[in-house]
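S.K.: Pasting in a structure now, in structure tokens, and then I'll have a few things to ask.
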Amino acid sequence: LNFCRYFCGLLFTHDLMLETATTCPTVGRGSRAGSYLSFFDGNKDEYVRRYSSFPDTLRVKMKDMARDMFYFGYDNYMKYAFPEDELNPIDCEGRGPDVLNPSNININDVLGNYSLTLIDTLDTLLVLGNVTEFQRAVKLVIDTVSFDKDSTVQVFEANIRILGSLISAHILLTDPKHPFGKVGFEGYDNELLHLAHDLAVRLLPAFENTSTGIPYPRVNLKTGVPADSVNETCTAGAGSLLVEFGILSRLIGDSTFEWVARRAVRALWSLRSNQTGLLGNVVNIQTGQWVGKQSGLGAGMDSFYEYLLKSYILFGEKEDYRMFQAAYESIQNHLRRGRESCNEGEGDPPLYVNVNMFSGEIVNTWIDSLQAFFPGLQVLNGDVDNAICLHAFYYAIWKRFGALPERYNWQLQAPDVLFYPLRPELVESTYLLYQATKNPFYLHVGMDILQSLEKNAKVRCGYATLHHVVDKSKEDRMESFFLSETCKYLYLLFDEDNPLHKSDNKYIFTTEGHVVPIDKRFREKQWNDFFPCEEGALAEREPHSPPCDRIPEERRYTLPLKSVYMRQIDHMVGLF
């Protein structure tokens, strides 16, 4: 896939056959090697020497290392932890909800006593080509998983990790195009879809009894919204349900799930600042008042923006892209600092800061690791040039610490919060930028990440959260997204021949990395439009083509970021 060319055509054709546009530049596979060799011949620049080529033998070695990394974690989960939710990789034990301390939301928001890691990993097994284990895992889920549990979980986490994976696995099981070969098995009777429907019904009480339509953050799977539930939720948690809920609605022909998810998005959108167009990060679901007025791209907001664009890609609803387009414009106007162009001119490298949603003034001097997803989203929007710069900043932080601290203070050039729970966001953006540019630089980035994880996070039975990115001390936890996303994106980065890259199907990844085909049936619905847009909520502008041609021809075969700017970013994070 050439993601710039692909998504430019995909986003902005109204033809349901999703033809690619012819206006976006093409990176020719056949001439690439020769072009690189001629450009770098005799060049002694340190960045050119390090990043300008990546031998096929090394790529295969890295693909094998990524596969082995996944199986070391997965096999040990199945051996020591299943049917519990997570693996404690240091003690080689399973982990479930913290029933003795219900207020421990760091654990209980995610773990619901429903074999989380197994479910979250289903489509990764297919991406790695293991049809036999995929089928075994699906049968285990069907035979052993129930959501009739006295578990209070976060709606957002249950949606992206469990509901999204069940839907993805069901679609891939029943896909008549067989992108991974014939993966279905005799006797499968849509059980994964039934499980997904059952879970979604148990999440629906979160949307009841809220005066704004913005959902409560947590539900008990057996009894509904807890009596002591808080009335505050984050923008990402409430506004990132539309992809999974929308697909479920269109698969089963019941508008309820998409309706409540879309109502929540519209409600949040209507609360944005009239001055800046920005949203805050925490809102009161009853009053609609902003409790957290910080606007940024990281925790509490990240996937809200992601799902505006991905919902449009999947469903073709113009209002989703109008919202994304307006949000992206506000982000560029108020959050972006630094020189105007990523790869030209003088001044500081571009950086997206946290600001007050009403004034646009900087509210702190840190950014968080979740923001590293944003270059990948920029690729999907065709803004590859800006994606290159922001990705380079996060990669420089990784080079310095061998991991991404949860928060990094760009003014002090030091971490503010020191742990790294094996998050996938930087790997995801690396993968998408490589698909857009085919530049070997991104293979080197992936190799650095892979080797760092192997060196710093590997323990007796898996890969452990880094408690401290400087001294590399560890915590006994391997979150499910390590297998669902981090390992998946690393493997795909190095697997040029993966069916996802070779298939005639086109795919998108959910925010938890689950594979969903872009399919005509998801652009059809068996019901009338939900309700008219709230007055003033959406600008009546037609979507327009993104700037897919921002990478000049002469730079298409060079380093993605000029060496002088790479050196500047390295200096900015204290590498030398």
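Note: Cβ is positioned from N, Cα and C throughout, glycine not excepted.
These figures come from a predicted structure and were not determined experimentally.
The active site, proton donor annotation in TrEMBL covers Glu157, Glu406. Per TrEMBL, active site is recorded for Asp302, Glu425. Positions annotated as Ca(2+) binding site by TrEMBL: Thr511.
Describe the structural context of these features.
M.R.: Taking a C-beta cut-off of under 8 angstroms and a sequence separation of 6 or more, Glu157 (active site, proton donor) has the following same-chain neighbours: Asp109, Val110.
Around Asp302 (active site), the C-beta neighbours below 8 angstroms that are at least 6 residues distant in the chain are Ala236, Leu370, Gln371, Phe373, Phe374.
Of all Cβ atoms in the shown protein chains, 21 besides its own fall within 10 Å of the Cβ of Glu406 (active site, proton donor).
Taking a C-beta cut-off of under 8 angstroms and a sequence separation of 6 or more, Thr511 (Ca(2+) binding site) has the following same-chain neighbours: Ile160, Gly164, Ser240, Val243, Ser303, Glu306, Tyr307, Lys310, Phe373.
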S.K.: Distance between Glu425 (active site) and Glu406 (active site, proton donor) at the Cα atoms, whole Å?
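M.R.: Between the Cα atoms of Glu425 (active site) and Glu406 (active site, proton donor), the distance comes to 12 Å.
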S.K.: Within 10 Å of the Cβ of Glu425 (active site), how many other Cβ atoms are there?
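M.R.: Excluding its own Cβ, the number within 10 Å is 25.
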